[in-house]
Amino acid sequence: MMNDGKQQSTFLFHDYETFGTHPALDRPAQFAAIRTDSEFNVIGEPEVFYCKPADDYLPQPGAVLITGITPQEARAKGENEAAFAARIHSLFTVPKTCILGYNNVRFDDEVTRNIFYRNFYDPYAWSWQHDNSRWDLLDVMRACYALRPEGINWPENDDGLPSFRLEHLTKANGIEHSNAHDAMADVYATIAMAKLVKTRQPRLFDYLFTHRNKHKLMALIDVPQMKPLVHVSGMFGAWRGNTSWVAPLAWHPENRNAVIMVDLAGDISPLLELDSDTLRERLYTAKTDLGDNAAVPVKLVHINKCPVLAQANTLRPEDADRLGINRQHCLDNLKILRENPQVREKVVAIFAEAEPFTPSDNVDAQLYNGFFSDADRAAMKIVLETEPRNLPALDITFVDKRIEKLLFNYRARNFPGTLDYAEQQRWLEHRRQVFTPEFLQGYADELQMLVQQYADDKEKVALLKALWQYAEEIV
C-alpha cells in the first residue's frame, strides 16, 4: 500500500449483517470489508468475520429470516465482541481511509459507534483522525437519479417509484449480486455501483466525493442571504426523487453541525402564521396524525453526515419537471421568506428546546448521553491494554457513571471467567431482568406466528426452529 514512500488514500467498503434493526440494543452477526485504491481496484484480502452473541441477548426473528445467519452459526464461526471490535477498529484506523457503504451513515456507522462504545474504543475518531473520512453511496445513487440520471438504468418498485435498494439497482444494471444480504455480496455490489457512477457521471461523482467533507459543505451555506440550494435526502420521499430546493434559515442553536433548512417546495404558511411552540408540536407529530394540518416544511441538515447539497442550478429545469418540483412555487416561497426575517427567530426557538427524548437507564443505549472526558478516555485505553484475566485487579476510578457499568458488561459478555461469585450473581440478575416471563412469552408468540406465516418455506421454518432451540439453551 506504500506509494512514493507516502501512505496512499484508500476506500474501505463495508457492510454489517445484524441480529436486529436497533444499532444500540441489537447485536452484530457478521462484518465484511474490502479495501480498494482510488480507482476501486481491490487491494489486499477481503475480510469477513462473525461475532459471537453474548448470553444476555436474543436475536430479532425478522432479522434472522433476512440474513439467514443463526446465532448458532455466529457462535460457531465467530469471536467475542471484544475481539470482533478490535479487528474492525484496526481496519478503520488505517490512515487516509474513506470508510463507506450503502446506507451506512444511518445504519452501519451507528452500529460501529455502538460496538466501539461497548468495547472501550473511541466511537467517533475512526471517521476523522489521520485524514480519515466517511461517505455513503446510497445518497450518491439518489443524487445521480435526481440530478444526472443519464447512462444508468433506474429500476422501479411495485408502486412505480424509483427503487434504491441495492439488489434492484445491481439487477437493472446487469451487475452480479446473487446473494443479497450476505455481507460480502453486498460489499462487492456497492463497489460495482461506485464504479458505475464514476464511469457514467464522473463530474457528479467527484463533486459528491469532495463535498462529503463538512468544511466544503459549509462554504455552500449562506444563512444571511438565505441562498437556495438543491438538497437530496431520503426524508423527501421517492415520489419526488428525494429532492427539493431548500434555503438555510439559521444554524442550530446547540448543534454546530446542523443547519435549519426550509423545504421551498412545501407549504410555508405554518411558518408565517404559527408561533414556535405550535410549530414545534406539529414538527414532532407523525405525518399520519396531522389530519388537515399542513406539515412544517423544515428539516435539519447535518453537515457531518455527508448530506447532498449543491448550487441551486445543479437541478436542471427538465429534471425538476421530471421529478414534479415546481420551480416557480419554490422561488415565490423564497421571496416571502426573505421578506419575513422574523421566521428565523421562530425556527431557532423550535430547536432551542431539545427534541422530546426519553432517557434510558440501560447503559447500552447511552452512547449519546455525552462525550467522555480526556481522563476517562485515558482510563478506557488502560482497560483495552490490560490482559482480560487482570481486569478484576484493575484499580482505576472513572468520573463518568457509564463506564463502571460498561466495564462490568464488557467482562461478563466477553470474559465471563473473570467474574467472581458476587459478580456472577449480579450478571444472573441482569439476565433475569432482560429475560422476563413477559419478554419470553412475547418471543415465543412471535416465533409461533412466523412459523405459521412461513409454513410452506422449509428454509425459514428451519431458521425459526434454530432460534427456538437457541432461546431454550441460553435462557
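Cβ atoms are placed via backbone N, Cα and C, with glycine included.
Quick look at what Swiss-Prot annotates:
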- E17, D186: Mg(2+) 2 binding site (BINDING)
- E17, R165: substrate binding site (BINDING)
- 13-192: domain 'Exonuclease' (DOMAIN)
- 202-355: domain 'ExoI SH3-like' (DOMAIN)
- T18: site 'Interaction with single-stranded DNA' (SITE)
- R113: site 'Interaction with single-stranded DNA' (SITE)
- Y124: site 'Interaction with single-stranded DNA' (SITE)
- W128: site 'Interaction with single-stranded DNA' (SITE)
- R142: site 'Interaction with single-stranded DNA' (SITE)
- R148: site 'Important for interaction with ssb' (SITE)
- F164: site 'Interaction with single-stranded DNA' (SITE)
- H181: site 'Important for activity' (SITE)
- Y207: site 'Important for interaction with ssb' (SITE)
- K214: site 'Interaction with single-stranded DNA' (SITE)
- Q311: site 'Important for interaction with ssb' (SITE)
- F371: site 'Interaction with single-stranded DNA' (SITE)
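On the structure: features taken from Swiss-Prot.
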{"residue": "E17", "record": "Mg(2+) 2 binding site", "CB count, 10 Å": "23"}
{"residue": "T18", "record": "site 'Interaction with single-stranded DNA'", "CB count, 10 Å": "24"}
{"residue": "R113", "record": "site 'Interaction with single-stranded DNA'", "CB count, 10 Å": "20"}
{"residue": "W128", "record": "site 'Interaction with single-stranded DNA'", "CB count, 10 Å": "13"}
{"residue": "R142", "record": "site 'Interaction with single-stranded DNA'", "CB count, 10 Å": "21"}
{"residue": "R148", "record": "site 'Important for interaction with ssb'", "CB count, 10 Å": "19"}
{"residue": "R165", "record": "substrate binding site", "CB count, 10 Å": "14"}
{"residue": "H181", "record": "site 'Important for activity'", "CB count, 10 Å": "16"}
{"residue": "Y207", "record": "site 'Important for interaction with ssb'", "CB count, 10 Å": "18"}
{"residue": "Q311", "record": "site 'Important for interaction with ssb'", "CB count, 10 Å": "12"}
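The average per-residue pLDDT of the prediction over the domain 'Exonuclease' (13-192) is 96, rounded to a whole number. With every protein chain in view, the residue among the recorded sites Y124, F164, F371 whose Cβ has the most Cβ partners within 10 Å turns out to be F164. Using a 10 Å Cβ-Cβ cutoff, D186 (Mg(2+) 2 binding site) registers 24 neighbours. K214 (site 'Interaction with single-stranded DNA'): 17 other CB atoms within 10 A of its CB, across all protein chains. DSSP assigns R113 (site 'Interaction with single-stranded DNA') to a helix in the three-state reduction.
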